[in-house]
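These features come from TrEMBL:
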DOMAIN    6-184  domain 'Guanylate kinase-like'
BINDING   SER13, PRO14, SER15, GLY16, ALA17, GLY18, LYS19, SER20  ATP binding site
Amino acid sequence: MFYMKGNLFVISSPSGAGKSSLISALLKRHNDMKVSVSHTTRAPRPGEEDGVHYHFCQVDEFKSVIADDGFYEWAEVFGNFYGTSKQAIQEQLDQGIDVFLDIDWQGAQQMRKIVPDIITLFILPPSREELENRLNKRGQDSAEVIAKRMQQAQSEMSHYNEYDFVLVNDDFDQTLDEFERIVLAHRLQTGNIESKYADLIRQLLAKS
């Protein structure tokens with residue numbers, strides 16, 4: 001069976017902008033799209049499962065993978081390590097699956113150096129007030145942590161112009177539709193079409 005090679009996307013946003021919810025909603029619409037499951041040294045949050053939301057590991061395990069050059073990228077955020085496995089992603093791309101990397105701007109910068117044709121997208125909140133409101137509604141962090149996240153958000157958002165696409169998540173359904181159109185449009189890039197319809201193109205261009 002022929003598979004058109006999948007596309008690799010980086011999706012970034014400050015915490016609370018709706019990135020995870022948008023990715024999750026898009027995956028429900030398409031069975032040939034997946035989110036990369038990152039490795040992390042942080043503790044699981046309520047409802048998170050190992051191997052589903054993250055591969056949870058100890059710091060020494062994480063550093064061992066770094067030593068083996070097994071990550072596309074890795075970063076330390078709020079004292080915890082996060083990394084993206086090379087092998088797992090490549091296997092999915094080879095099967096024609098579009099893969100989303102839910103990583104921060106530091107990871108995006110590293111990925112651009114390694115994978116020049118990666119597609120990057122940044123999600124902004126409609127306002128600082130709404131961002132803080134969403135963080136409070138999650139009920140996962142203390143006031144002190146939320147204050148740190150808001151401070152970090154300003155730094156993260158300053159990198160929005162390094163990305164190929166920017167979405168403002170004000171109306172969720174509208175933002176989801178825009179997100180979907182971006183992903184589907186990239187399946188029609190010349191390189192992908194040339195691979196998928198190689199035989200047809202040869203026939204059409206063959207000299208009589």
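Numbering starts at 1 and runs along the chain as displayed.
Here the Cβ of each residue, glycine as well, is placed from N, Cα and C on the backbone.
A map of TrEMBL features onto the structure.
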{"residue": "SER13", "record": "ATP binding site", "Cβ contacts under 8 Å, 6 or more apart": "LYS19, PHE122, ILE123, LEU124, PRO125, GLU156, ASN169"}
{"residue": "PRO14", "record": "ATP binding site", "Cβ contacts under 8 Å, 6 or more apart": "PRO125, LEU131, ARG149, GLN152, ALA153, GLU156, MET157"}
{"residue": "SER15", "record": "ATP binding site", "Cβ contacts under 8 Å, 6 or more apart": "LEU135, ARG149, GLN152, ALA153"}
{"residue": "GLY16", "record": "ATP binding site", "Cβ contacts under 8 Å, 6 or more apart": "PRO125, LEU131, GLU132, ARG134, LEU135, ARG138, ARG149, ALA153"}
{"residue": "ALA17", "record": "ATP binding site", "Cβ contacts under 8 Å, 6 or more apart": "ILE123, LEU124, PRO125, LEU131, ARG134, ASN169"}
{"residue": "GLY18", "record": "ATP binding site", "Cβ contacts under 8 Å, 6 or more apart": "ILE123, PRO125, ARG134, ASN169, PHE172, THR175"}
{"residue": "SER20", "record": "ATP binding site", "Cβ contacts under 8 Å, 6 or more apart": "ASP102"}
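Sitting within 8 Å of the Cβ centre of SER13, PRO14, SER15, GLY16, ALA17, GLY18, LYS19, SER20, and not among those site residues for ATP, are the Cβ atoms of ILE123, PRO125, LEU131, ARG134, ASN169.
According to DSSP, SER20 (ATP binding site) sits within a helical segment. Predicted-model confidence for the domain 'Guanylate kinase-like' (6-184) is 92, expressed as mean pLDDT.
Counting every protein chain shown, the Cβ of LYS19 (ATP binding site) has 21 other Cβ atoms within 10 Å.
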